[in-house]
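Asks: In case it's useful when we look at the structure, here is the feature table from Swiss-Prot:
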- C153-C221: disulfide bond (DISULFID)
- C154-C186: disulfide bond (DISULFID)
- C170-C180: disulfide bond (DISULFID)
- C187-C200: disulfide bond (DISULFID)
- N169: N-linked glycosylation site (CARBOHYD)
- 114-232: region 'Necessary and sufficient for interaction with ADAM10' (REGION)
- 1-17: topological domain 'Cytoplasmic' (TOPO_DOM)
- 39-61: topological domain 'Extracellular' (TOPO_DOM)
- 83-92: topological domain 'Cytoplasmic' (TOPO_DOM)
- 114-232: topological domain 'Extracellular' (TOPO_DOM)
- 254-270: topological domain 'Cytoplasmic' (TOPO_DOM)
- 18-38: transmembrane segment (TRANSMEM)
- 62-82: transmembrane segment (TRANSMEM)
- 93-113: transmembrane segment (TRANSMEM)
- 233-253: transmembrane segment (TRANSMEM)
Amino acid sequence: MHYYRYSNAEVSCWYKYLLFSYNIVFWLAGVVFLGVGLWAWSEKGVLSDLTKVTRLHGIDPVVLVLMVGVVMFTLGFAGCVGALRENICLLKFFCGAIVLIFFLELAVAVLAFLFQDWVRDRFREFFESNIKSYRDDIDLQNLIDSLQKANQCCGAYGPEDWDLNVYFNCSGASYSREKCGVPFSCCVPDPAQKVVNTQCGYDVRIQLKSKWDEFIFTKGCIQALEGWLPRNIYIVAGVFIAISLLQIFGIFLARTLISDIEAVKAGHHF
């Protein structure tokens, strides 16, 4: 004798299409990041010679853009298809990945707070290694220039850090026109100049240190960032909380949809 149980369980269309809409944003953002990253690599000729990435001593910002794009594209695809096809495997992958990213972000934030000296040393090493490669990659160059201009700083701990770069080095072996100078992004802006003077940092470090602050920023970028964080702690905290809430919302939608699908499948087995 066979027994049957009729279940009223059904998959909620509300959660299903809400999760789909949530993930379509991820997917489209991932496509944009990947498109921008591949376009940037194409402009630099990296796509025709991938060894250019490994030859760069610093970090290529495009790599970070592509990594973010791959993660967002993959998660968005898994979430969209998983929701539309009611695929438990893809939904669990999406949910698990979001949970992992959430706890990684939380761990990084806690560790960065507890080990501030270690983070400061790693950032110094990172900044100095990228100073060495300043002229080797246009995207890296623009990133450093933006950082220095936005924070009115120069080098990791000061202008002398630019001695690490072969073009700005003050040694007698250097024949660069930029010898003993700094990038234009270190220069104190002149309100009277409407056009950026890209040569304003030439020969600045030949002069007495006491006169440097008349022409360039003398504060290091590590010190500038350490001062920036307390002033903007509420903004940083607000962004972190907003991202966390979005992730928790995505996890909730995925888990709810998984439960609905499992309930429907369980009802069909009787």
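Including glycine, each Cβ sits where the backbone N, Cα and C put it.
Where in this structure would I find these features, and how exposed are they?
Replies: DSSP assigns C153 (disulfide bond) to coil, not to a helix or a strand.
Long-range Cβ neighbours of C154 (disulfide bond) (same chain, at least 6 residues apart, Cβ-Cβ under 8 Å): Q148, D161, W162, V182, S185, C186, I216, F217, T218, K219, G220, C221.
C180 (disulfide bond) falls outside any helix or strand according to DSSP and counts as coil.
Long-range Cβ proximity for C200 (disulfide bond), meaning a same-chain Cβ under 8 A and a gap of 6 or more residues, is found for F184, C187, F215.
Other Cβ atoms within 10 Å of the Cβ of N169 (N-linked glycosylation site) number 17 in total over all chains.
Residues 11, 16-17, 19-20, 23, 254, 257-258, 261-262 of the same chain lie 6 or more positions beyond the ends of the topological domain 'Cytoplasmic' (83-92) yet place their CB under 8 Å from a CB of it.
Sorting each residue of the topological domain 'Extracellular' (114-232) by its DSSP state yields 61 helix, 2 strand, 56 coil.
Taken as a whole, the topological domain 'Cytoplasmic' (254-270) shows an average pLDDT of 80 in this prediction.
Long-range contacts of the transmembrane segment (18-38) within its own chain (CB-CB distance under 8 A, at least 6 residues past either end) are made by residues 47, 62, 65-66, 68-80, 83-84, 94, 249-250, 253-254, 257.
Here the transmembrane segment (233-253) has Cβ contacts under 8 Å with residues 15, 18-19, 22-23, 79, 94-95, 98-99, 101-102, 105-106, 109 of the same chain, all six or more residues outside its ends.
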Asks: Could you state the CA-to-CA distance between C153 (disulfide bond) and C180 (disulfide bond) to the nearest Å?
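Replies: With the alpha carbons as reference points, the distance is 17 Å.
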Asks: Considering the disulfide-bonded residues C180, C187, which residue's Cβ sits among the greatest number of other Cβ atoms within 10 Å?
Replies: C187
Asks: Could you give the Cα-Cα distance between N169 (N-linked glycosylation site) and C180 (disulfide bond), in whole Å?
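Replies: Distance between the two Cα atoms comes out at 6 Å.
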